[in-house]
Amino acid sequence: MAQLDTLDLVVLAVLLVGSVAYFTKGTYWAVAKDPYASTGPAMNGAAKAGKTRNIIEKMEETGKNCVIFYGSQTGTAEDYASRLAKEGSQRFGLKTMVADLEEYDYENLDQFPEDKVAFFVLATYGEGEPTDNAVEFYQFFTGDDVAFESGASADEKPLSKLKYVAFGLGNNTYEHYNAMVRQVDAAFQKLGAQRIGSAGEGDDGAGTMEEDFLAWKEPMWAALSESMDLQEREAVYEPVFCVTENESLSPEDETVYLGEPTQSHLQGTPKGPYSAHNPFIAPIAESRELFTVKDRNCLHMEISIAGSNLSYQTGDHIAVWPTNAGAEVDRFLQVFGLEGKRDSVINIKGIDVTAKVPIPTPTTYDAAVRYYMEVCAPVSRQFVATLAAFAPDEESKAEIVRLGSDKDYFHEKVTNQCFNIAQALQSITSKPFSAVPFSLLIEGITKLQPRYYSISSSSLVQKDKISITAVVESVRLPGASHMVKGVTTNYLLALKQKQNGDPSPDPHGLTYSITGPRNKYDGIHVPVHVRHSNFKLPSDPSRPIIMVGPGTGVAPFRGFIQERAALAAKGEKVGPTVLFFGCRKSDEDFLYKDEWKTYQDQLGDNLKIITAFSREGPQKVYVQHRLREHSELVSDLLKQKATFYVCGDAANMAREVNLVLGQIIAAQRGLPAEKGEEMVKHMRSSGSYQEDVWS
C-alpha cells in the first residue's frame, strides 16, 4: 500500500470539507467583493443615488412585467439581456426592463408578483466565480442562510411565486463550466421558484456562444408564452433610444463628450476612487519590445499609478481602456453613411425611463465609434438579421435575410472570415447602409470594454508602477481573408512607438488618436483600473511554489519571482521556487531571459527555471512535457505543501498540464490514475492549485 504523505493527508482533510463545500455550491471559496470595484452604479444606471433598490417597487412605478437581470464581466451577458428585453417587447408585447444585479436588492424577491417574470443572464468568470457585479447576488442565494424580508425559511419555499428564466455564459475549457447559472438555478429550485423552460448554457470555449443562445431562446419564448398567455406578433423595429442631431452644439463645446469616460473627466477634474466605471488616466513610465519577429511583437510596459490612490497586490489584473483604430472608425462611418457628418453632435436619450444609455451624451458620431462602441467585435447573426429592413437594395436585403436565417451560411461567410459588422456589410455591397438608425447600432453593438492583463510586477517591489507583458495580436486565422488585429495590443504598440520617438506610429498599418479626447492623453497616457484576483502567492514565503507559464503566461510569475527575490534580499526565508517556461526558440522569444539571471543570483538554488523550446529540435517540446520529465521534483515539492500555479491558454496548455499533474501524482505514489485526478481536483478546491487562464 502506498505510504501517506503530506499531500495525501491534506487531500483527506479536504475530502471531509470539500464535499460539503461542493454541495453548498462553492460558498466556502466564493470570491470576495472586489475591493477595487466601484462603490456606485454606472453612469445612467437605473438605480442611481436616491432611486429605489427595490426591483418590485421599480417595476410597479414603471409599469413593467418583465425584468432581465444580468451578471456581466466583458459586456456579453449585458448585451444578451438587452437583446432579450428588446425581443420580448417587440415580439410578445412584454413590458421589459434591463437591470444590473448590483443595483438592486434581493431580500424581497419572495414577494415577486406571480403575473411577472424575471430573467437571469449570468456569466461565469474565471474558475466558477461570479462576475464583479454579481458577487453579492451570488453570495446571498448560495449562502447557508438565505434571509428574506418576510422571514421565510428555505424549507417554506419562499420563492414559490417567482417565475424565472435562466441563461448562462461559460467556457468549457474551465473546470467549473457555467457554474454561476447552475448554482443559482439549483438555489432557486431549492427555494421553490418556477423556472420557465430549460436553463440555457452558452459555450465560449467551443466558439458556439451565439448559436447556443439563439437555439435556446426559441423554445424558451414558446414556454414563456404558454406560461404567461403571451401572443406573438410580427416584430417591427422600435427604437430603445432616441438619437437626435444637435445643430446648436459643436465638437468644441465643453459639454460635448469626445471620448471622455465620465463627467469628471469631461470637466477636466477626474478624481477617485478609480474603478471599472471611472478609469485613471495613467502615464506610461516606460515601454519597450521584448521581441519582434515578423508580425509578432511582445511589449513590456510600466504604468505609473503614483498619486492615484490605486493599489494592487501581486497577482492582480490591470484593465486597459482601448481606443478603436482610425481605419476601423473610418470603415464603420463609411458603411453606415456617416462619414460626412462624423463631427455632428448627437444627443442620445432612453425612450423608456429604465433604459440605460451606454454612451455619454451629447457626443459625436466619430467619438461614439472611436471610444465607446465595440465596432471590431465578432458579428451576431441575430443583429445582422435586424439590418435587412434597412438594406440599400433588394439584392443586399436577400443576402442579409439568408445570413440571418442560415447558420451554416453565416458561419461560412462571416464567422470563418472573422468579420466585424462593417466588414461583413462591405462584403455584401459597396453601397452604404445609410438607412440604418444610429439607435439600432447603439442597441446592437456592445460598449467598448476594457481588456484585462495579468500584472507582471510585484507590489512589494514597485507599489506605484504596474508592469504589463502583452503579445501584440496581428494574425491570419484559418479561413480568414485578412489579418485579424488586436484592438488593445496594437493601441499599446502605437503608444510604445510614440514614446520611443516615432512621430507617426502605425502598428501593423493602424493609426490611433494617441493624444486622446481633447489631447487629455498627451504625454503618453492610457486609461486604466485595477481588478482584484485570487491568484496569489502563499502567505508563507517559505512554502514551495511550482509555476507553469508559457509565453506571456509567465507575466504573473515574473511578479511572483520578483517578490520572492526581494524578500530573500531582506533576509526572509524563501522556499523552493520552480518555473516551467515555454516559448518557440531560446534566441527569439525567451521573455525576460537576462532578468531571470539576476533573480537566480538573488535566490540561488531556491529558484529553478525549466525551459521548453517548441521549435529548436526535431520534436516539439512544451511545458507539459518538461513537467512530466521532472515528475520526481514536482512530487517532492507537493509533499512539502507546494502551491501549483498555471497561467496561459485554457483550451490546450492548461488542460494538458492538469492531466499530466494527475498522472504524476498517481505514478509517483503508486495510485490508480483516477485517484491522481481526484487529488488534483481537491488541490483546486483547497486553493493549492490555482489558474489564471484565458481562451
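We count from 1, first residue shown onward.
Glycine is treated like the rest: Cβ placed from N, Cα and C.
Residues annotated as topological domain 'Lumenal' in Swiss-Prot, with sequence analysis given as evidence: 1-8. If you look up Swiss-Prot, you'll see 9-31 marked as transmembrane segment, on the strength of sequence analysis. What Swiss-Prot lists as topological domain 'Cytoplasmic' is 32-695. For 66-221, the entry in Swiss-Prot reads domain 'Flavodoxin-like', with the evidence type sequence analysis. Among the features that Swiss-Prot reports, FMN binding site is placed at 72-77, 123-126, 169-178, Asp204. Residues annotated as domain 'FAD-binding FR-type' in Swiss-Prot: 277-538. Taken from Swiss-Prot, the feature NADP(+) binding site applies to Arg296, Thr552, Ser614, Arg615, Lys620, Val621, Tyr622, Val623, Gln624, Glu656, supported by sequence analysis. According to Swiss-Prot, the FAD binding site annotation covers Arg451, Tyr452, Tyr453, Ser454, Thr469, Ala470, Val471, Gly486, Val487, Thr488, Thr489, Trp694.
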Cβ distance under 8 Å to Ser72 (FMN binding site), same chain, sequence separation 6 or more: which residues? Glu78, Asp79, Ala81, Val121, Ala123, Thr131, Asn133
The record lists Arg451, Tyr452, Tyr453, Ser454, Thr469, Ala470, Val471, Gly486, Val487, Thr488, Thr489, Trp694 as binding FAD. What's the largest Cα to Cα distance among them, in Å, rounded to a whole number? 17
Taking Cα atoms as reference points, rank the binding-site residues Gly75, Asn171, Tyr177, Val487 by distance from Arg296 (NADP(+) binding site) and give the first. Val487
Give me the long-range Cβ neighbours of Tyr177 (FMN binding site): same chain, 6+ apart, Cβ under 8 Å, in sequence order. Thr124, Gly170, Asn171, Glu201, Asp203, Gly205
With the NADP(+) site defined by the record as Arg296, Thr552, Ser614, Arg615, Lys620, Val621, Tyr622, Val623, Gln624, Glu656, how many Å span the farthest pair of C-alpha atoms? 25
Taking DSSP as the reference, which of helix, strand or coil describes Tyr453 (FAD binding site)? strand
If you measure Tyr174 (FMN binding site) to Tyr622 (NADP(+) binding site) at Cα, how many Å is it? 20
If you rank the binding-site residues Arg296, Arg451, Lys620 by how many other Cβ atoms lie within 10 Å of their Cβ, the lowest count goes to Lys620
Identify, in sequence order, the residues in the chain of Thr489 (FAD binding site) that are 6 or more apart from it along the sequence and have a CB within less than 8 Å of its CB; answer 'none' if there are none. Leu299, Ala470, Val471, Val472, Glu473
Of Gly75, Ser614, Lys620, Tyr622, which is closest to Val487 (FAD binding site) if I measure between C-alpha atoms? They're all binding-site residues. Gly75
Measure from the Cα of Gly75 (FMN binding site) to the Cα of every one of the binding-site residues Arg451, Ser614, Lys620, Gln624, then give the nearest. Arg451
